[in-house]
Amino acid sequence: MVKLAKAGKNQGDPKKMAPPPKEVEEDSEDEEMSEDEEDDSSGEEVVIPQKKGKKAAATSAKKVVVSPTKKVAVATPAKKAAVTPGKKAAATPAKKTVTPAKAVTTPGKKGATPGKALVATPGKKGAAIPAKGAKNGKNAKKEDSDEEEDDDSEEDEEDDEDEDEDEDEIEPAAMKAAAAAPASEDEDDEDDEDDEDDDDDEEDDSEEEAMETTPAKGKKAAKVVPVKAKNVAEDEDEEEDDEDEDDDDDEDDEDDDDEDDEEEEEEEEEEPVKEAPGKRKKEMAKQKAAPEAKKQKVEGTEPTTAFNLFVGNLNFNKSAPELKTGISDVFAKNDLAVVDVRIGMTRKFGYVDFESAEDLEKALELTGLKVFGNEIKLEKPKGKDSKKERDARTLLAKNLPYKVTQDELKEVFEDAAEIRLVSKDGKSKGIAYIEFKTEADAEKTFEEKQGTEIDGRSISLYYTGEKGQNQDYRGGKNSTWSGESKTLVLSNLSYSATEETLQEVFEKATFIKVPQNQNGKSKGYAFIEFASFEDAKEALNSCNKREIEGRAIRLELQGPRGSPNARSQPSKTLFVKGLSEDTTEETLKESFDGSVRARIVTDRETGSSKGFGFVDFNSEEDAKAAKEAMEDGEIDGNKVTLDWAKPKGEGGFGGRGGGRGGFGGRGGGRGGRGGFGGRGRGGFGGRGGFRGGRGGGGDHKPQGKKTKFE
């Protein structure tokens with residue numbers, strides 16, 4: 001301590017304070033470095049009661065004192081010189097020696113003697129030591145306020161001690177980060193140093209305890225956050241004036257406490273977040289279990305019969321047994337025997353099972369029935385009929401006039417339950433699906449209405465679904481050909497020929513169909529059906545190439561899907577033949593729903609259409625649907641024939657062999673090697689060769705067009 005006094009005398013002018021702290025630093029390294037920090041905090045109270053006239057000296061003294069605990073980046077060299085020893089004293093071997101020093105300096109908080117008092121003596125010319133006893137005028141008032149601040153600071157220290165105890169559990173790496181953080185507070189305001197130096201005493205003590213104990217590894221390093229928050233607050237406080245020292249110190253302490261409280265609350269809030277995944281799993285399990293309980297929407301299991309009726313608008317205020325009894329009584333009054341009644345879980349709807357289809361049809365005809373004051377709604381269950389059942393009672397009508405309406409079709413098909421016209425972009429495609437109530441009604445209509453004329457056009461009827469695949473032309477879709485077809489396909493027919501003309505030629509024919517264009521004229525072909533395969537074969541042998549109205553007809557037995565050479569493998573592309581020369585690719589594409597591209601094959605020399613083309617689709621399903629809809633349809637007045645196009649790579653001619661080798665160049669020397677075959681044209685021979693090398697083999701990829709070389 002004597003050396004410290006000498007250093008104070010050698011300082012003289014307050015502005016030249018740099019050298020003495022270095023001496024103090026060197027001496028303190030040999031002694032106990034943490035003792036300086038404790039003396040500094042106690043020496044603050046000696047410097048504060050100075051007069052305003054001596055403010056410069058007091059400030060410089062503070063700079064010397066604060067430097068051991070903080071690495072302040074102010075131009076004063078004394079701070080930088082005194083930082084390292086303070087850190088070493090707090091971090092390494094000084095732990096054990098600092099402990100007794102604490103007992104010495106603790107009462108020195110109000111005694112105001114060592115450390116800082118000795119350093120500040122030259123600035124005050126000896127007035128700093130008895131400053132505590134000389135309470136006069138303004139200085140006395142400041143002393144009183146300082147004592148109050150000490151009380152406040154002691155309360156703050158208690159809060160800080162709680163924080164420091166938490167910091168004891170931080171890992172070594174976190175301890176280093178926490179020690180480096182206050183060292184980075186280079187621009188701390190001098191106003192904060194009064195309270196902070198007092199806090200440093202407690203922090204040093206807590207750090208010493210922390211270094212002697214093993215840190216808890218499980219503790220999170222997130223506790224270092226308060227230091228960063230404090231740095232921000234202290235950087236903002238630097239902009240405050242020196243005259244507001246006391247107020248700023250109090251506010252900083254309060255802010256630090258508030259931040260600590262907020263951080264503790266945040267940590268408490270973080271804990272439930274960790275538990276969230278577990279809770280979510282439980283909730284997810286509950287959510288998954290919930291739908292299973294709701295699957296049973298209708299009381300009872302499966303329908304007892306195949307004849308079911310949906311009953312809606314029930315009085316849900318009644319119980320399920322009451323509703324069952326009420327519904328059964330209503331149908332019993334109308335002479336309808338009910339097999340079973342199933343009520344929905346909401347009791348707003350239900351299903352009634354009948355013994356027969358006749359009872360079901362009678363029930364559907366009933367109107368105005370009331371059950372417990374509610375007029376019930378009766379209809380067939382939606383989705384109950386399978387596609388197979390609907391197809392069995394549905395007919396496909398083709399070659400319809402484009403301007404035909406549903407009302408006009410209803411007049412023709414009186415027994416139809418539903419009529420659906422097929423259109424694209426608001427324009428009719430001349431096709432309609434006609435659904436009947438029963439399969440028997442569909443079969444009856446098929447026999448009676450086949451070939452019926454509507455606005456001058458003879459319509460064609462086809463079954464849909466599996467039933468349509470097992471019938472010949474009269475059913476629209478032809479059966480898988482067995483080799484014994486009863487139908488002949490007649491082509492190259494005169495456009496003026498009629499069904500009556502053909503009936504005279506084919507006397508044994510049971511059905512004759514001559515498709516017509518929009519003008520009511522023949523399209524140049526016909527279908528002739530006989531009672532047996534033998535009759536059809538006899539007509540084929542006797543009438544093939546016979547002239548009818550000036551044209552020699554051609555006959556052939558109808559094969560699968562209307563063509564003897566039909567392709568059996570579906571694909572994404574349809575082959576369309578029988579096109580008009582005026583048909584464009586755009587028209588061809590628009591004629592098929594779902595098509596993505598269409599191309600018409602043209603003659604290379606004339607550029608005119610060859611009468612056939614291809615239509616591409618995104619999937620085989622789209623191609624099948626379009627083929628079904630356009631089977632035996634028309635495009636620009638011409639009857640077209642559809643077939644599956646073979647995928648690229650199937651059949652066809654094999655690729656050419658490799659090109660021949662190039663010729664040798666002029667002049668002497670050796671010729672280069674010939675080109676390799678299979679990839680385009682052959683290569684050139686090298687210059688000066690007698691002859692070119694041989695061409696490649698012919699087992700490579702097909703070669704492109706030949707190219708002649710001069």
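A Cβ is built for glycine as well, from the same backbone N, Cα and C atoms used for every other residue.
Since the structure is predicted, the reported quantities are computational estimates derived from the model, not experimental observations.
In Swiss-Prot, the annotation SUMO1 cross-link falls on Lys589, out of Lys282, Lys545, Lys589. Of the candidates Lys95, Lys219, Lys577, Swiss-Prot marks one as SUMO2 cross-link, and that one is Lys577.
Note on Thr305, Thr405, Thr501: Swiss-Prot annotates phosphothreonine at Thr405; no matching annotation appears for the rest, which is not proof of its absence. Of Thr69, Thr510, the one with phosphothreonine in Swiss-Prot is Thr69, while the others lack that note in the record, though it may still apply to them. Look at the Cβ of each of the recorded sites Lys513, Lys577, Lys589, Lys624 and count the other Cβ atoms within 10 Å; the largest number goes with Lys513. Calculated from their C-alpha atoms, the gap between Lys370 (SUMO2 cross-link) and Lys377 (SUMO2 cross-link) amounts to 9 Å. According to DSSP, the secondary structure content of the domain 'RRM 4' (572-647) in residues is 17 helix, 30 strand, 29 coil. For Lys624 (SUMO2 cross-link), none of the recorded sites have C-alpha atoms inside a 10 Å radius of its own C-alpha, out of Lys324, Lys377, Lys513, Lys577, Lys589. Between the CA atoms of Lys513 (SUMO2 cross-link) and Lys577 (SUMO2 cross-link) there is a gap of 20 Å. Separation of the C-alpha atoms of Lys377 (SUMO2 cross-link) and Lys589 (SUMO1 cross-link): 45 Å, rounded to the nearest whole number.
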